[in-house]
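Per Swiss-Prot, domain 'Ig-like C2-type 1' is recorded for 150-234. The feature domain 'Ig-like C2-type 2' is assigned by Swiss-Prot to 236-332. The feature N-linked glycosylation site is assigned by Swiss-Prot to Asn86, Asn130, Asn166, Asn321. The feature topological domain 'Cytoplasmic' is assigned by Swiss-Prot to 374-463, with sequence analysis given as support. Residues or ranges marked as transmembrane segment by Swiss-Prot: 353-373.
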Amino acid sequence: MGQDAFMELLRSMVGLSLCKIHLLLIAGSCLGLKVTVPSYTVHGIRGQALYLPVHYGFHTPASDIQIIWLFERSHTMPKYLLGSVNKSVVPDLEYQHKFTMMPPNASLLINPLQFTDEGNYIVKVNIQGNGTLSASQKIQVTVDDPVMKPMVQFHPASGAVEYVGNITLTCQVEGGTRLVYQWRKSGKPISINSSHSFSPQNNTLWIVPVTKEDIGNYTCLVSNPVSEMESDIIMPTIYYGPYGLQVNSDKGLKVGEVFTVDLGEAVLFDCSADSYPPNTYSWIQRSDNTTHVIKHGPHLEVASEKVAQKTADYVCCAYNNITGRRDETRFTVIITSVGLEKLAQRGKSLSPLASITGISLFLIISMCLLFLWKKYQPYKAIRQKLEGRPESEYRKAQTFSGHEDALSDFGIYEFVTFPDASGVSRMSSRSSPASDGVTGQDIHGTIYEVIQHIPEQQQENTE
């Protein structure tokens, strides 16, 4: 009985001490001692070790340093885990293999971490010196399992028709806690709108009804405080179309819905439209208020020389056998001889570069011809100089240019003829005593020809 009473007294004293410590924690840290932690919330993975770093500092002399760790859950009293005075550690025997501390470092190591270890961890530091200083901090610890890779399934698996069917996408995860789901399309988050809605946990996406704009790559991103994983890309099957039906050709000129084709050309027409699955195409020719199908498939070849009329009307029809929708476009083919006209237009339409090149060549050739003309016809300059002389100077020049001594007249001369009357009279007066064999035609020749005859005349006179 006495032993039971002693144990009861010991329990009451320990409980009283824990209550006092808890009250001190609520009061906060004391002046001169500061305890800090990097984060007030730490997320841990079940089965792995978790380290709770703690730092403290003080500016007064200390004889003893005491560190105490407590653990509490919601609506429960704090539980003693371990403590130390200086470098001596006193653990709770129940947790001596789970919690580790190496004083004077106040950090705590939890290994291994279990779901039962989730809660608040309180660290209290006491400094004994001239007085006692105390400070504490609280750290919240959460424990989770990592997320496993999710898988996405969609229904119906065969696909849905645009504006008619609906699609449901479901994200499934086999492992993980506190899961958060997010749906993405082509890498961007999907938000709620008139056709998109989610389940309460966001693990299901409904698209009602589906449209062509809903085509894309869908993924499910699942995360929790310790990890995140994204599913493989899935692309639901959506049937739509046809949209944007149009006809093009490899030759000819297209203006609106009219194709102009040169006579003798074989033109290949192509009919295309956006749809899934691909459309089936048919070509219809209209003539004399009647229509008849001439070909099936996306291509139609028209030989212009085989067309009886110069104008022909055609229709291209596109049909989607899944959506049940169809579309058609009409066009006209005009056959004309435009080959010569094209050549004439090409000849008339010179490019600016060709025009500049032609003008440049013309200027260069003109400058070269002008240079040659000035270089090899200098008589004009001499003529202008002689015509500007007075008559007396000219006669004086004639007087002293006789042939008294023909041998001294040999040399290199440059003469100019004068076709006017004054020039003829001057030349005739100068050349008359030369020789009887010189005719009137020689008088109108150059002075170089007269000089050529003078030596022969003088030689005859000497004989």
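Backbone N, Cα and C define each Cβ position, glycine as well.
Distances between the Cα of Asn166 (N-linked glycosylation site) and those of the glycosylation sites Asn86, Asn130, Asn321 are shortest for Asn321. Taking a C-beta cut-off of under 8 Å and a sequence gap of six or more, Asn86 (N-linked glycosylation site) has these contacts in its own chain: Asp64, Ile65, Pro103, Pro104.
Within 10 Å of its Cβ, the residue among the glycosylation sites Asn130, Asn166, Asn321 with the fewest other Cβ atoms is Asn130. Rounded to a whole value, the Cα-Cα separation of Asn321 (N-linked glycosylation site) and Asn130 (N-linked glycosylation site) is 94 Å.
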